[in-house]
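According to Swiss-Prot, the features are:
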ACT_SITE  Glu397  active site, proton donor
BINDING   His22, His252, Arg345, Ser372, His447, Asp455, Arg506  substrate binding site
BINDING   His62, Gly109, Pro110, Leu111, Gly151, Asn180, His252, Phe423  thiamine diphosphate binding site
BINDING   Asp150, Asn180, Val182  Mg(2+) binding site
SITE      His22  site 'Important for catalytic activity'
SITE      His252  site 'Important for catalytic activity'
Amino acid sequence: MKYLYATQHLTLNAIKHAKGGHVGMAIGASPILFSLFTKHFHFDPDQPKWINRDRFVLSAGHGSMALYSIFHFAGLISKQEILQHKHGQINTSSHPEYAPNNFIDASTGPLGQGFGMAVGMVLAQKLLANEFKELSDKLFDHYTYVVVGDGDLQEGVSYEVSQIAGLYKLNKLIVLHDSNRVQMDSEVKKVANENLKVRFENVGWNYIHTDDQLENIDQAIIKAKQSDKPTFIEVRTTIAKNTHLEDQYGGHWFIPNEVDFQLFEKRTNTNFNFFNYPDSIYHWFKQTVIERQKQIKEDYNNLLISLKDKPLFKKFTNWIDSDFQALYLNQLDEKKVAKKDSATRNYLKDFLNQINNPNSNLYCLNADVSRSCFIKIGDDNLHENPCSRNIQIGIREFAMATIMNGMALHGGIKVMGGTFLAFADYSKPAIRLGALMNLPVFYVYTHDSYQVGGDGPTHQPYDQLPMLRAIENVCVFRPCDEKETCAGFNYGLLSQDQTTVLVLTRQPLKSIDNTDSLKTLKGGYILLDRKQPDLIIAASGSEVQLAIEFEKVLTKQNVKVRILSVPNITLLLKQDEKYLKSLFDANSSLITIEASSSYEWFCFKKYVKNHAHLGAFSFGESDDGDKVYQQKGFNLERLMKIFTSLRN
């Protein structure tokens, strides 16, 4: 037990040094992490993101010091990094933060999402294992472990993702519950009254209950590995054990004091000094956690050597390297669409068909709307065919997004998912977390404006684009035709470290002669030009057609008009000043048009003489889509009034 106590002592000291932290879980759940990492967990100390490593997700991320203490004694985190806990060091931040070169498999902290990402990791593993089973059944035979707290299990997303894990029989998933019956404001029983055994068994899980004795946790994990179902292990723990706030909800977060250290030393019969731990402890951890990994990695490398001449091996390496350039560069042809003058969602179907080949590693998730959004490759799904690229999630948008993040974190897979734009809010917390981790997930949102029509204001998403654009590292495309759609689709396929969102229409849009897929990647470009224009009109998506119609009216009045198509305002705002000044004219007026409440359009005011914006700032109604669109001011008469006011 002294090795476990050493990690707990380090945890207390590191949190005291940081001037406070989540002592309760970091101490109480430490037997879970200790048993896992000293007996079961497989990874490569020299290659943190080795494809066949076990994955560990601390969904209750506030217990991070329990993990960092083990990493320190095993030689994976330095003394200096421990001393910087919560003070600017990514490897020991308050909540675990994923990086491409560290030993954290997912950024966590927003409760429930770690559970969902773990489900995504195991789903990705299952898909990859099936894809390459002809090579070997040992290429993807790892486990994913996730530690959850009571807060994780109270979040709605945990219910969503646990059903998915049960439906798809993700038996490589082992969830360990830090069941301490206490949370920040109260005892758990005051806010939760469910039977966890019944809850998980009802959705196809294996359930195990144990106390926090190391040997019992060990045996529970061994038993879980023998199951053909995902396993939920409820571990009875004690929050802030061996401190003055033991088993009290005040123990969730506090600053350890001298009384705590005296209590700890008395109850554990230890006498450690902060960062003056015996060499024998470091030696034991390196032998127990690190040295046992060598044979596992050596066996895997030998397996790869034996497979390198197999026909599937090149595909395997392209997939696990996430070499999206090799997989998708020059795969799309904007000219090969079934029908022009279509809704931009229809082009999605065309482009998905173009990359529907055995080398593509794209998998599509949808929230029960594939027949409306066309986020689907072929006609089957995973329930019917283990080789299918389509994964039905049901009406679980938040679960879908957390699972997508987990699949991207696992590696080897490109993942696309989506729903109607009005429901992007359901996924927003996971979109934000994926962007924070620089994950190349790909969202498609359709039904993007008032012209959804009869479904009414609940389905008319005037307010969603600014929400998506406001998230750092999220690249939002709103194309106006097939060429711009192709560019946005291609950008999403090739992205290595950025979340891509493609926003598409349900209503048909006319194909436009002068649109340009290459220029689309600048975010905006001149679609129609007149030198020394009196007026510049900039628009995105369906409003580009309205701009073209208005230009025809003004041309008859001898007004010189320049039209800018702006399919990606975020990319455009990142262009240099020279390019931006080439689009605008200091002597011209500017009208910007978009059926959304986005504020970014006002950033262009400084480049022109004066500026007015036609946007959408109110809910719609249930009526004919074109009628609602017109009533909300997206018509030639309204534009003429705006132009007249600018001239005056």
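Cβ from N, Cα, C; glycine included.
DSSP assigns Val182 (Mg(2+) binding site) to a strand. Taking each of the binding-site residues Leu111, Val182 in turn and counting other Cβ atoms within 10 Å of its Cβ gives the largest count for Val182. Close to Asp455 (substrate binding site) in the fold, though at least 6 residues off in sequence, lie His447, Ser622, each with a CB less than 8 Å from its CB. Pro110 (thiamine diphosphate binding site) falls within neither a helix nor a strand when secondary structure is assigned with DSSP, and so counts as coil.
In sequence order, Gly28, Gly149, Asp178, Ser179, Arg181, Gln183, Glu187, Val188, Thr237, Ile239, Tyr249 are the same-chain residues whose CB sits within 8 A of the CB centroid of Asp150, Asn180, Val182, the residues recorded for Mg(2+) being left out. Checking each of the recorded positions His62, Pro110, Leu111, Glu397 against His252 (substrate binding site) by C-alpha distance, the shortest gap belongs to His62. Each of the binding-site residues His252, Arg345 was scored by the number of other CB atoms within 10 Å of its CB, and the largest score is that of Arg345. Around Arg506 (substrate binding site), the C-beta neighbours below 8 angstroms that are at least 6 residues distant in the chain are Ala343, Arg345, Ser372, Thr446, His447, Asp448, Gln451, Val452. For the recorded positions His22, Asp150, Val182, Glu397, a Cα-Cα cutoff of 10 angstroms around Phe423 (thiamine diphosphate binding site) retains Glu397.
For the binding-site residues Asn180, Ser372, the greatest number of Cβ atoms within 10 Å around a candidate Cβ is found at Asn180. Leu111 (thiamine diphosphate binding site) sits 16 Å from the residue listed as 'active site, proton donor', taking the Cα positions as reference. In sequence order, the recorded positions near Asp150 (Mg(2+) binding site) (Cα within 10 Å of its Cα) amount to none of His22, Gly109, Glu397. Glu397 (active site, proton donor) and Asn180 (thiamine diphosphate binding site) are 30 Å apart (CA-CA, integer value).
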